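Below is one structure; the comments refer to it alone.
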């Protein structure tokens, strides 16, 4: 009975599904650390998109592997500078989740601050994909009762991991230590791993070794949603998320530092789009009136 179910889940994960009313059995506002579908494993990557993410997508494609990316809006880079990478993730059947707008420690924020961190990224993903994720990972795995309650109220499944490779400590010739951490977690029955696609050695060395080890153990690397038995239609909700839906950014990268308005241009190089439709980086552009659909706002 499990084989047909698993095959159906894989088929659903590999193709885009229309947004529809969600009927997920995966709980919201509760920390989840492990897969529930037998013989599956979820590779997850945090903190991107960044310079190495495209290479990682190439690697996953060459291995026939689907993964989950928990994205920030403004962290190592601005999500608006990597819109083509984000759309490629989605088109190739990977799962996109939220990692908050700016990698904030949610346990240090009040409900309004938590909501702001989530809805800022929802606005960005609405402009890029026309939809927002229902899965998220708290930065630092840090939550408290208020954070979980707020995230649950926003409809988010909260995903941690039971294998932390600590790859961020080994982005050099000690990357083998991160793989040892991975192997130890895998041997202990871990099924959800944490890595970061912002580190060169993770992408160039660690991921391939991890894929080899997963397959050698007879497990299938899949998205978090698939490993929890959740149909791909449930991984997202309609664009606009928990706040007001801005018009989608349709004009592409700005060629002349204009943005929004009738042209729909998106500011590049981490510039904000001011209320007057110009790209810049000072408070006049990034604070009051900033148009979050066309660049980051602070």
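Even glycines carry a Cβ here, placed using N, Cα and C.
The annotation domain 'NodB homology' is assigned in Swiss-Prot to 39-222 on the grounds of sequence analysis.
The active site, proton acceptor annotation in Swiss-Prot covers 46. DSSP assigns residue 46 (active site, proton acceptor) to a strand segment in the three-state reduction. Taking the Cβ of residue 46 (active site, proton acceptor) as centre and 10 Å as the limit, one finds 22 other Cβ atoms among all the protein chains shown.
In the structure as shown, the Cβ atom of residue 99 (Co(2+) binding site) sits within 10 Å of 25 other Cβ atoms. In the three-state DSSP assignment, the secondary structure recorded for residue 99 (Co(2+) binding site) is coil. Taken from Swiss-Prot, the feature Co(2+) binding site covers 47, 99, 103.
As annotated by Swiss-Prot, active site, proton donor applies to 196, with the evidence given as sequence analysis. A 10 Å cutoff on Cβ-Cβ distances gives residue 196 (active site, proton donor) a total of 22 other Cβ atoms nearby, all chains included.
Annotated domain 'Chitin-binding type-1' per Swiss-Prot: 256-298, in sequence order.
The Cβ neighbour count for residue 259 (disulfide bond), using a 10 Å radius and every protein chain shown, is 30. The disulfide bond annotation in Swiss-Prot covers 259-273 (among others).
Mapped onto three states, the DSSP output places residue 279 (disulfide bond) in strand. If you look up Swiss-Prot, you'll see 267-279 (among others) marked as disulfide bond.
The disulfide bond annotation in Swiss-Prot covers 272-286 (among others) and is backed by sequence analysis. Using a 10 Å radius centred on the Cβ of residue 272 (disulfide bond) and all shown protein chains, the other Cβ atoms total 27.
Marked as disulfide bond by Swiss-Prot on the basis of sequence analysis: 290-297 (among others). DSSP classifies residue 297 (disulfide bond) as coil under the three-state reduction.
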Greatest C-beta neighbour count within 10 angstroms, which of the disulfide-bonded residues 267, 273, 279, 286, 297: 273
Cβ neighbour count within 10 Å of residue 47 (Co(2+) binding site): 23
Residue among recorded positions 103, 290 with least C-beta crowding, 10 angstrom cut-off: 103
Which recorded positions sit within 10 Å of residue 99 (Co(2+) binding site) - Cα, from 46, 196, 272, 290: 46
Between residue 46 (active site, proton acceptor) and residue 196 (active site, proton donor), the C-alpha gap once rounded to whole angstrom: 5
